[in-house]
Structure formats: C-alpha cells, structure tokens
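Remarks on the structure that follows.
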C-alpha cells in the first residue's frame, strides 16, 4: 500500500507526523472548554407579560388570545409544541421554532408580532419581557446567604447590590440573580378612612405623586461663549419629602400625603422566599456567559466567595448549595479514568496474545496518538470537552487499537512464515490493508449519519459521533504508517527467534499454544456448521426472535437512565390560592421529614420563584435535597426517592412530587395533553383521566397542570347607579388596581444609589377580607354644579365571592390540561403501554383530543431519528462493502451479523435490569460498526484464499482458523475497553453504564455467532450465485441451433 510503503521508506517523516499529531492534540486539549454535556441550542423564546390584578380568564381573553394570533403567524413557529399560560396578573408564552430558525431573527419576529397587536391590548399591561430559553442557561453555582443577626430587609440589601455586584464583575459571569429576599421600595400605604375624611380617592394620590416626583431636562442657556444646562430638581429623596407632597386643597388648607398615608422606606409585598434548612435566606444563582468553561467560571466564583466571606458582617454565612463546576470536574474525571483504565486493559489483552512487550508497545502506541489527535477534531468542530466527547473516545478505545492489532498480528504471522522484518511489514500490511480500511470506513459510515441527525438528538449525538469517526480515521492512518514502520525498523527478536524467556513469557506461550490448538479445533466446528447450514440459520433466527420476544415481554424502554448525582428534588404544591405563609409552613414540614434521613446533607427551598417553562406562584415551591456522596450511602438516590415519596404522601394540605432523575428541572416523565374547546368539560374529562392513570402500577405523583380552582372576589358595576353618580367603569378599575394590586407611581433613588419603585396601595389591614373592597372611596362626578362627592365602591357595585380557574393553559391555541405523572419501579414504556390500554376505554366527546408529550414524545422522536440514521448508515456500509468486494451479493453475508448483536444487547440489559434508553441505544449504534468489522476480516480472507485456488468451503474453514486470533483479540480489546464504563463506578457512572453493558453483550453474542453463522450464510450465498451463474451459462450455451461442445472446466477451488 502507498501509505505503509511510504512510511517504511521515510521513517523520519513518519515519526515527525506522529509527533505533530501529538503536539497539536495537546495544544487543542489545553484550549478546550470543559462542560458536562454538549451545547444544545433549541430556538425557544419565552415571553412574560405582567397584567396587574387581572384574573386568569381576563388574562386569557385580553392578552393570550390576541397575542397568540400574532405569534402563530410567524414563519417557522412549531405550533404543535408552543404553549401559553394565563395566571393571576401574568401571561406567559413559550414559542418553539424550527431548528433552522435563527434565534435573533426569531426574537425580533416575536417583538414585531406583539407590537402589531399593541393597540388592541390593555393599557395597564407592562412591557413584554423576552428571554431565550437555552438548556445551558442553568445556574452553574447557587448559594444561600443566611444571618442570625440581620433582618431580611437588611440581608437583602447586603446581597444586592453588594455581593451580587462583586460576583457580576467576575469574567465569564453572565448573570447573578437574586432568589428570595425582599426588594426595597418607597412604600405609600394609604388609609381608606383618611381618604374619606379628606374627600379624596386613591387615584388622586397616584396622580399627585406622578406629577410632583420627577426630574426632567428643561433646556439650556445659550451664552455668547458657553452653554449652561438647566436641570429641574424635582425628585423626592426621603420619606419625609414624600409625606410633605400636597395632594389637594380643601377649604383653603393643603392636604398632604402624610395626612392620608403612611410613607416609609420599606419593602415590596413578599412574593418569593428562599429557605436554607428551613431558615430564611437570600439565594444567588450564577449563570455563565457563552464561550466560557463551566469549571473555570465556577472556580473563579468559589475563589471570590472565599474572599467575600471574611468581609461579611458577624453572623452572616454564605453556603454553596449547588456547584456544577465540581459536578463537571467529577464527571469528566470519571470518564477520563474509564478511558485510561480501558486503555490499560486493552493493552493487556494485546500483550496476552502477542506475548511480546515490543509488539505490545508498537500496537499500543496507536492509542495515545489517536486519542490526542482526536482532540484536534474536537477543537476544530467547536465542541467542548464534555462527557459525550470523552465517552466517544472511551468507547473507541477498543476500536482504535483494532486496526493496529490486525496489522501487527498479520505482520507477526508473516515473520513467523520466515520473512525478514522489512518484507513482513510491507507485505503483511498490504495483504490486510483493504480489509482494515473497509472495516474503518464502515464504522465511519455508521457514525456520520448519526452526527447529522435533525433536532436535539443530532446536537446531543454530534460530539460523540464525530469524535469517534475522526479518532478511527486517525487510528487507521497510524496503523498504516507508524505500525509497519516500527515493525520494519524496530524488530522483535523474541518473535523472530521464537525464544520466549521469563516466567510471564512462558505462561503466555502456553496460553498461545493452547489458543492455536483451539483454532485448529475451530476448523472442525466450522466444518460441522457448514454441514448443518439450515440448523445454523434456524439457531440464529430463533435466537434473534427469542431475544426480541424477551425484550417485548420483560424488557422496558425509557428516555434517559437515572443517574445518582447525590441530589433529589421535590415540587410542593399547596391548594390554589394558598398564601406564601401557608406554603412556607408546608415546606418546613416537608424539609423536616427529608432531613430526618441521615443521607441528607441539607435542603434549599425556593417559593414563588419562576421555574423553567413554568408559571410562578406562591402556592408552589421547589425543594432541592443534597445527599451525601454516592460511596458514603447504603441506599441509592432512587431508593431514597421512593421512601421520601411514601413519607410525603402523609403531608396533609399539599401535594409533593419527588424527582430522582438526577438532571434537575422537576418535570414529570409522563405528560398527557387533553385539548378541547370548553373549560368546564375539559376539567371534568381531565379529572376522569387522572383517576384512570392513578390506577396504573408504576404511575406516581399523578396530577393536573391546571391545579383546580381558586377563590375569587367578583366585582360587578351597577351601571345604572354608577351612571347617575357619574362614576365610570374605568374609574373603578383604576382605583381598585391602585388599592389592591399597587401602582408604581414613579422612581426613588435610595441612599445606596439604586433606583427603586414608589408603590402606592392601601394599608395591609384594609386588604384582607372581601368586605374591605366595599369601603374603597370613589370620586363621583360633580352634580348640578356642586363639588365632586365620594361614594364607596359598595354603593356602585355588587361584590360577591366566587371561584375561578387558578391557571389556564393553551397548546397550539387550544385550551389544554396536562395529566402528569412520574414513573417508579417500572420502565417508562411499560407504564405508558398500560396507560394507553386503560385510556383507550375512555370515550372522549367530539372536539376533544388526547395526545402525548413529555419524555414519551421525546423518546419516540429521538428513537425514530436514531433508527432512520442507522438505516442510512447500514446503506452506506453496504455500498462501501460493495466497492470493497466488487459484489452486490457478498456484503449481505456481512450485514447479517448486524442483527445478531441485538441478541446480546437484549440479554445484557435484562440481566442488569437496564432499559433500552438513549445510552444503550448509543451502544447499539457502536455495535453496528464493531460487529461488521469481524465479519469483514473473516470474509475478506476467505475470498482471498478462494482466489488462490481453495474451494469456498476450504477457504471459509481456513479463514476461520487464521482470523480467529485477530477477531478474538479485537473482541476482547473492545470488551476490556468497555468494562470500566459498564461497571458504572463514580459520579454519573450509572448514566453511562447501560451503554457499556449493551456493547459487551452485543459483542459477545455477535462474535460467537459470527464465527459460525457468517461462514454458513456466505457459503449459502456463494452456492446460490454459482447455481445462478451456471444456469445462465447453460442457457447461453443451448441458445444456438448447434451448441458448441466444450470440455468440462474446473473453477478454481472446485
């Protein structure tokens, strides 16, 4: 071959090329950013619009429905996944776009769509807030600040802007957001009684503040040589300044704000709360900027926290609650350990068979060169150094050394035939070269289609697939250059002379002699198999069918495997309409139960804080439970979750859902989407379906996304009475919003220089009971030329208590209620199968549709795309083999080996209790390339031997004997490389374990069956082709009137 011949003739060039690959690989490795998982970018835009005081049905009617019409007209919107929600005073939209859509363009399209509807939207709504949802935009570090000496208001002021400002200055920190705490404001608490006594309404108070608290540019003085700016100093600075503001004049006497309201440097009404071990705290979430390494930013944050700790007032403590930097370091370190351990085990396998340290070194050098050179491709493609790219290298360890094993083994075989090392290196590499190239390109053909899958699956698999593809191409180059060059110039005397010295060599020599005898015995096994071809085919087909039946009957399927990351999350939902204080009490009960377990280190709770793709509310809380490290616990994370779920079921007055997936988010695995036109009928049907789902074994934490109804106070204006008093509905709305929701009446700069809101609302004691609404004074218009009069709200409106929806959700512009559940004790596929069977018996009225979302939809989508990519990969592999063998029929025998690997996959997953999930599916992908490798080596030699005059049966038997050693070496090398992954040791190891187990099981069964079934199938195909060619030849010979008599000819090998 050209490459090997050139490498042997130019050893200096070869060594220089290898050193260059190593050096550039090290440079690339140092330059790579470190993250736990690949960057997955999905074009999702979140829109939040605040509409103070509006109930969910009002928000739906006045905001959600008109804005949806504009948003869904945008090009590229994925309507099937886009959702909208209406809750008290808030509208939320989550818009999914096609993956081709540019995120910046999508953001601008959303802004333009909302702007086009602005004239139809209520004036009282606040400006929309757009955020781009990025799965990577999760806090890399979360901390809790507590104090035994400082009140919550002072602690909040210490945190923001003090500590937050310090953290934001760290390079790579994109955002440092405060969780919990109490924001400072200028609070104006108006007394309804004082308003009535002064003859004022709350709207007049708001108008006076807005008019008298401002600073504005008013022009300049233009002198002959200079300009002087004129500044109006109208901003109020202290509570006393606000209290002296004149609201109105009665009887010639000014009425000041302080006479009708209490003005104070206060805090906003608390709507969020953070608790660290049930103590009130202020949390800080740190998000990193794009292009920065998680570990580097997390390290810098930790260093800054240590520096700040010494400067904090006495009694104030900062605790790191979550640290992704440590998790990433541990996960990457564990994968790196698995990589090194797999490499060492693989080299030991090589040494076991070659019984020569020099041959082992020559073969083993392919590993460091190939692995380091692979980092060049990781850097060139813009990937991060994450567990998926490293996992690709870990899985490729056995494959990377395969080419070198086959080449070196063939060179050694030629040396043992009596050739000099130079000739043996050249001819041995040339003889095996095309087969090795075909096997490598077959592996590349498997992974390239996988790397370019559409959607999230493609982005997730791309680093893994391209890393393997590039690494095996490098290993092919190394095996064709470095290995033959070293074999030619660094000969192994032990191999040449046959002298094996030392106790280890003698033991290994006896092993190799034993193996050679087994190889000779294997000839008889192949002969028996070829004599019983039908039986072998039936065994293979029966084994495959049996394995698939076992998988269907006893095996399960899921989306992602559970990973023990020493953390559990609990979602606490109190009845709709619960106060912050009520939710806090229930959370304290929940966390107290959790901390009774010795495996729990601490708990951190956030109440009312918006969660990803969720609507915020003080009636829901997220509890983060940190556990002791995995190796210090006798129970797993999942087992503890089962216990917690049983204990939390006894907490009255709250629903507690437990999440043990290990990846956060608190999203339930099962999401059934019930859509329909009528809200009441939809609720009734959803409740009926919920009860059915609860009966399914394995379905736990069953609930609805709407969370029922909450108490409301309905105010209906009596238009006749209001008209006689000259009171408009707009006046009523403005007064009620100011009194009970609060109105931002301007800005105030606090002593620290931060700009705060000036909020006007009635005193807290006047907004507790529904009857308080009737006492709100309104200004009636002047009648018969007299002065304006005051009337209470109860005089012009009917006030009654009722109930209304706590939340209204839309999916694709239709009302939707999700029936949600987690899975426990069974696989996702098993539970979903039982749910489908049970719900198929429920008849839905016309217009109502039940669909599937959540992990079931994600699993179906990802699996379908992976199987499509595998189909393309098999086709590419077939075309490569057609080119290699020059036959359309011969490659079919090799492709027969692919499904045989599934037998071992199923058995391995059943034995270990793993499901067929995204990680075991990666193992199946890997197997497609590995399994074909052995079959190619076997058939390629058989074809070569047949071309030299052996009959096909003799060629197959001889191929089995000669190729048994390299096949077993590569098989055991792959298994050795997979063992550390399959054991699942270390943090995150159980997430990767199904992959290693699937590969090991598939390699074992496919190798055993390949050695027997593939020769059988190939001989069947060969005989069929010979029969067809003979028939065609005889047809041609008898096609003329006088057939020419030819002497019988003997085909080579027959």
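FYI, residue positions are counted from 1 along the chain as it appears here.
Cβ coordinates come from backbone N, Cα and C, glycine included.
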Stated TrEMBL location of transmembrane segment, expressed as one of 271-291, 292-312, 313-333, 460-480: 460-480
229-250, 361-382, 493-514, 559-580 - the one TrEMBL records as transmembrane segment: 361-382
Segment assigned the feature transmembrane segment in TrEMBL (from 335-354, 595-614, 615-634): 335-354
Tertiary contacts of the transmembrane segment (335-354), as residues 6+ beyond its ends and Cβ separation under 8 Å: 360, 363-364, 367, 371, 387, 390-391, 393-394, 397-398, 401, 405, 408-409, 412, 508, 511-512, 515, 965, 968-969, 972-973, 976-981, 986, 988-989, 992
Range from 12-32, 460-480, 534-554, 866-885, 998-1021 with the greatest count of C-beta pairs under 8 A to the transmembrane segment (361-382): 12-32
Beyond the flanks of the transmembrane segment (866-885) by 6 or more, those residues with Cβ under 8 Å of it: 434-435, 437-438, 441-442, 445-450, 452-453, 457, 461, 891-892, 894-895, 898, 921, 924-925, 928-929, 932, 936, 939-940, 943
Cβ-based contact of the transmembrane segment (388-411) with the transmembrane segment (12-32), 3 or more pairs under 8 Å: no
Cβ contacts the transmembrane segment (534-554)/the transmembrane segment (918-945), at least three under 8 Å, sequence gap 6 or more: no
Segment-segment contact (the transmembrane segment (460-480); the transmembrane segment (998-1021)) at 3 or more Cβ pairs under 8 Å: no
Stretch of maximal Cβ-Cβ contact with the transmembrane segment (998-1021) [cut-off: under 8 Å; candidates 12-32, 432-454, 892-912, 918-945, 966-986]: 892-912
Tertiary contacts of the transmembrane segment (432-454), as residues 6+ beyond its ends and Cβ separation under 8 Å: 1, 4, 99, 399, 402-403, 406-407, 410, 461-462, 465-466, 468-469, 472-473, 475-476, 479-480, 865-866, 868-870, 872-873, 876-877, 880-881, 884, 925-926, 928-930, 932-933, 936-937, 940-941
